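Data first, discussion second: the structure below is written as structure tokens.
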Amino acid sequence: MSSQQPVHSAPNGLNALHLAAKDGHLEIVRELLKRGAVVDAATKKGNTALHIASLAGQEEVVQLLVQRGASVNAQSQNGFTPLYMAAQENHDSVVKFLLSKGANQTLATEDGFTPLAVAMQQGHDKVVAVLLENDTRGKVRLPALHIAAKKDDCKAAALLLQNDHNPDVTSKSGFTPLHIAAHYGNDRIASLLYDRGADVNFAAKWISDTYNVILCDMNSSFSSLLKEIEISSSRNDHCRIFLEYSKMLIAFWIYNKILYSFIQEVSDCIHNITPMHVAAKWGKIKMVNLLMSKGANIEAKTRDGLTPLHCAARSGHHEVVDILIEKGAPIGSKTKNGLAPLHMASQGDHVDAARILLYHRAPVDEVTVDYLTALHVAAHCGHVRVAKLLLDRNADPNARALNGFTPLHIACKKNRLKVVELLLKHKASIEATTESGLTPLHVASFMGCMNIVIYLLQHAASPDIPTVRGETPLHLAARANQTDIIRILLRNGAQVDARAREEQTPLHVASRLGNVDIVMLLLQHGADVDATTKDLYTPLHIAAKEGQEEVASVLLENGASLTATTKKGFTPLHLAAKYGNMNVARLLLQRNAPVDAQGKNGVTPLHVASHYDHQNVALLLLDKGASPHAMAKNGHTPLHIAARKNQMDIATTLLEYGAKANAESKAGFTPLHLSAQEGHTDMSTLLIEHKADTNHKAKNGLTPLHLCAQEDKVNVASILVKNGAQIDAKTKAGYTPLHVAAHFGQAAMVRFLLRSDAAVDSSTNAGYTPLHQAAQQGHTLVINLLLEGKAKPNTTTNNGQTALDIAQKLGYISVIETLKVVTETVITTTHTVTIEEKYRVQAPESMQETFMSDSEDEGGEDPMLSDQQQYRYMTVDDMKSMGDDSMRVNVTDDERDNRHSGAPTITEMITKETCQRTNAANLKPDNVDINRHPVHVGMFSLTIYIISQQAKQQEPTALVPSFTISSLSCS
């Protein structure tokens with residue numbers, strides 16, 4: 001059976017499908033299509049079933065036909081489309097559906113009529129609105145009245161407005177149709193809108209979709225709560241239900257009220273752009289005149305304080321500028337960051353606008369809150385014409401911004417040679433300094449502006465003026481790796497060994513940064529290869545510290561000293577060992593650096609490598625003959641250091657190279673003592689495996705077990721005892737490990753020692769037992785453990801005191817209560833008039849060693865060379881923007897599918913924070929951008945923060961217009 005069967009038609013071409021579509025017989029249409037009816041079969045006039053169903057308003061049939069492949073843009077003989085027919089008959093729902101399926105509303109009949117035209121002719125305002133709102137060719141939709149305003153379509157607008165349409169309806173960005181008309185200069189429709197009640201001073205605001213969602217969610221939750229109360233109250237006692245839910249209702253109401261108030265407050269401060277701002281920005285002269293004639297406020301300010309005059313000046317519409325000033329616009333009006341219209345004109349290089357402003361007596365040296373003049377702005381942007389105009393009108397060429405930058409500094413930073421030439425011709429000071437002491441030559445040298453450096457030097461700029469930190473342009477060029485600039489400075493007499501405040505030379509700087517070319521260039525011009533800083537660092541020390549192998553090689557080839565020492569006595573090899581710089585260490589050793597050189601504290605490079613666990617460097621040093629037995633001033637060998645710091649790999653390497661496991665410090669302590677005290681089980685085991693003596697006594701008699709007892713390191717104590725450590729070894733004063741544990745209140749160690757059969761009543765030279773020590777220190781728990789271990793409470797010291805006597809003298813109430821039960825001595829309460837001798841505390845010996853530490857191994861490192869003190873002069877674009885005075889006034893943003901066009905946060909080129917950075921120790925750029933923080937709103941700040949974060953993640957389409965007034969990208 002054939003898949004398609006002929007559908008018989010009448011002489012005019014109408015067939016069963018056409019008739020069923022006309023009458024809305026959905027099931028018949030479906031059956032006919034199922035039996036093979038051609039969905040786009042046309043009558044003799046070219047009408048398809050979709051034309052006929054659209055004309056008849058049969059929406060379900062229309063949907064079915066489109067679903068089955070009917071062409072939504074099929075045209076009849078006269079050019080009629082299904083959309084045209086639906087629009088003609090006011091079937092707005094069919095129109096919406098066809099548009100959603102790609103119907104093209106620009107297709108016209110042979111007479112030139114479009115669906116919109118016929119809908120307007122017939123007065124079908126709903127269809128007109130639908131068509132207008134969809135007339136964006138797939139982009140974000142505008143309200144119908146906005147589209148009419150954009151097209152200057154007064155007929156469509158009049159039709160929409162005659163049905164009580166709000167003339168001030170807003171788009172997503174908060175703009176009204178009058179804003180749109182102002183943007184395009186459509187004065188006819190602007191007049192119509194005004195006549196129909198449009199607010200000529202409507203200030204565009206915007207509320208984020210996120211806020212609206214939050215409010216909707218709150219209202220929904222509130223309604224749900226009310227329903228829950230209603231249901232509950234129908235089943236239970238009304239009074240109880242009221243009490244149960246009243247607090248929730250009140251809290252909900254208060255929360256809703258406060259959040260809504262906050263959102264309203266926020267929306268009130270967003271943009272505030274009037275139609276006059278828009279017209280001025282786009283230079284629509286007729287519109288400006290029209291709006292003024294209708295009462296527009298020419299002094300209206302946006303959120304950031306921009307007036308229409310600011311907008312016109314920034315865009316260079318000098319005729320609008322002139323009109324506004326003639327009508328009384330405030331020429332001295334400033335934004336919240338202090339920008340005047342003249343600043344705006346200067347930023348945009350709009351000479352005519354600037355000339356008009358100056359003609360009307362705009363102050364030529366007006367400053368922002370950060371003391372920026374219009375000349376600063378022109379210098380930054382490289383606008384020579386505006387700069388010349390300002391200078392001809394007596395602008396101060398040496399005006400200082402808040403951080404001390406003059407226009408010449410800024411021109412040097414931005415490499416604006418023509419502006420530099422102009423400024424110098426107008427007597428700009430070539431040696432003006434910022435608050436940190438930077439001259440224009442410093443700035444140009446750091447930024448690598450070669451032509452400007454040459455020009456400044458040709459005009460007698462000194463290459464040796466120091467900043468407040470003592471740095472010359474040569475230092476800054478070295479910091480910025482500006483090789484060509486250094487060459488120019490040196491050829492023009494710059495001192496190659498100029499000293500900064502900490503005595504650094506440019507060679508120190510270049511060595512730190514590893515710039516071999518600059519190092520060689522400086523050396524070729526006679527730089528002192530062994531120049532020392534305040535802390536006696538040579539360039540080779542710095543190269544070794546930073547791991548700059550190539551630089552170190554060049555320095556050595558030029559005679560750098562391998563034995564020069566810092567204030568702490570460190571050689572370059574010490575520093576290479578400290579920072580684990582293997583390649584530099586190898587290079588130094590190849591050049592015969594003393595492998596066992598000792599610092600002032602006696603440490604060798606091997607000590608340092610051991611301390612910092614640089615095994616590869618330690619192995620290299622040992623291979624090159626470093627002594628594993630070398631002793632620091634305290635007698636510590638590298639193995640002592642490794643043992644204390646638990647550097648297993650280092651210790652293993654040292655032992656393999658013959659380090660002595662029983663090496664003694666000056667006080668007689670071995671590596672095992674240090675390892676035991678720190679509780680390093682693996683290290684202690686390693687040392688014992690290499691014949692470390694578990695009973696080795698220091699000069700005061702302390703064994704490793706004593707130190708374990710002091711620090712409660714039971715795990716190591718167990719290893720020591722298993723390997724033959726004497727449980728009752730005594731110090732010179734007669735203290736056993738149990739005495740020590742009892743003295744320091746180490747209950748776990750006391751238990752361990754008692755289990756290991758330690759003598760519970762062993763006495764010191766003064767006759768003190770562990771119980772005496774515990775009583776003296778007030779350790780009740782330890783006392784109980786000792787008593788459980790059969791300690792004798794009646795034992796007396798050499799001066800006849802029991803543990804109870806000691807506790808009484810020292811006033812330990814809990815100890816007294818514990819001991820008086822087991823002590824036979826009678827407590828006497830008789831007061832005597834004799835003054836008793838003050839009790840002398842008895843304490844065991846302890847380790848009195850001076851250990852190598854991170855601060856003591858070298859110490860006093862050059863602060864100007866440390867990681868925290870890297871120079872970053874002028875690395876931030878000081879005039880990237882001129883404050884948050886930008887107004888984005890492109891109302892066409894609503895027609896764009898731009899989901900990242902959030903309101904700009906603009907920052908001043910020089911901020912209030914700058915005045916806090918005048919301390920020379922703060923190594924920050926002279927110009928910085930400030931990050932503005934969100935407003936704190938009290939108890940709901942967390943909620944608002946969450947909302948703001950959501951708003952960032954889900955930025956609504958076309959939230960704000962796209963034009964930025966104050967972006968100082970002056971290309």
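Positions of Cβ are set from backbone N, Cα and C atoms, glycine also.
Marked as repeat 'ANK' by TrEMBL: 78-110 (among others). Within its own chain, the repeat 'ANK' (78-110) has Cβ neighbours under 8 Å at 45-48, 50-51, 53-57, 59, 62-63, 66, 72, 116-119, 122, 124, 126-127, 130-131, 134-135, counting only residues six or more beyond its boundaries.
Positions annotated as repeat 'ANK' by TrEMBL: 173-205 (among others). For the repeat 'ANK' (173-205), DSSP puts the residue distribution at 17 helix, 1 strand, 15 coil.
Taken from TrEMBL, the feature repeat 'ANK' covers 304-336 (among others).
Helix, strand and coil residue tallies for the repeat 'ANK' (337-369), in that order: 16 helix, 0 strand, 17 coil [DSSP]. Per TrEMBL, repeat 'ANK' is recorded for 337-369 (among others).
Mean predicted confidence for the repeat 'ANK' (403-435): the pLDDT average there is 96. Residues or ranges marked as repeat 'ANK' in TrEMBL: 403-435 (among others).
Under DSSP, the residues of the repeat 'ANK' (469-501) split into helix, strand and coil as follows: 16 helix, 0 strand, 17 coil. For 469-501 (among others), the entry in TrEMBL reads repeat 'ANK'.
Within the repeat 'ANK' (502-534), the DSSP-based counts of helix, strand and coil residues read 17 helix, 0 strand, 16 coil. What TrEMBL lists as repeat 'ANK' is 502-534 (among others).
Under the heading repeat 'ANK', TrEMBL lists 535-567 (among others). Using a Cβ-Cβ cut-off under 8 Å and counting only residues 6 or more beyond its ends in the same chain, the repeat 'ANK' (535-567) has close neighbours at 502, 505, 507-508, 510-516, 519-520, 523, 529, 573, 575-576, 578-579, 581, 583-585, 587-588, 591-594, 597, 599, 858-862, 865.
The repeat 'ANK' annotation in TrEMBL covers 568-600 (among others). When Cβ-Cβ distances below 8 Å are used as the criterion, the repeat 'ANK' (568-600) is approached by residues 538, 540-541, 543-549, 552-553, 556, 562, 606, 608-609, 611-612, 614, 616-618, 620-621, 624-627, 630, 632, 857-860 of the same chain, each at least six residues removed from its ends.
Residues or ranges marked as repeat 'ANK' in TrEMBL: 667-699 (among others). With a cut-off of 8 Å between Cβ atoms, the residues of this chain six or more beyond the repeat 'ANK' (667-699) that come close are 634-635, 637, 639-640, 642-644, 646, 648, 651-652, 655, 661, 705, 707-708, 710-711, 713, 715-717, 719-720, 723-726, 729, 731, 847-849.
Among the features that TrEMBL reports, repeat 'ANK' is placed at 700-732 (among others).
Among the features that TrEMBL reports, repeat 'ANK' is placed at 766-798 (among others). Long-range contacts of the repeat 'ANK' (766-798) within its own chain (CB-CB distance under 8 A, at least 6 residues past either end) are made by residues 733-734, 736, 738-739, 741-747, 750-751, 754, 760, 804, 806-807, 810, 812, 814-815, 818-819, 822-825, 841-842, 844.
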Contact set, same chain, for the repeat 'ANK' (502-534): CB under 8 Å, 6 or more residues outside the stretch: 470, 472, 474-475, 477-479, 481, 483, 486-487, 490, 496, 540, 542-543, 546, 548, 550-551, 554-555, 558-561, 564, 862-865
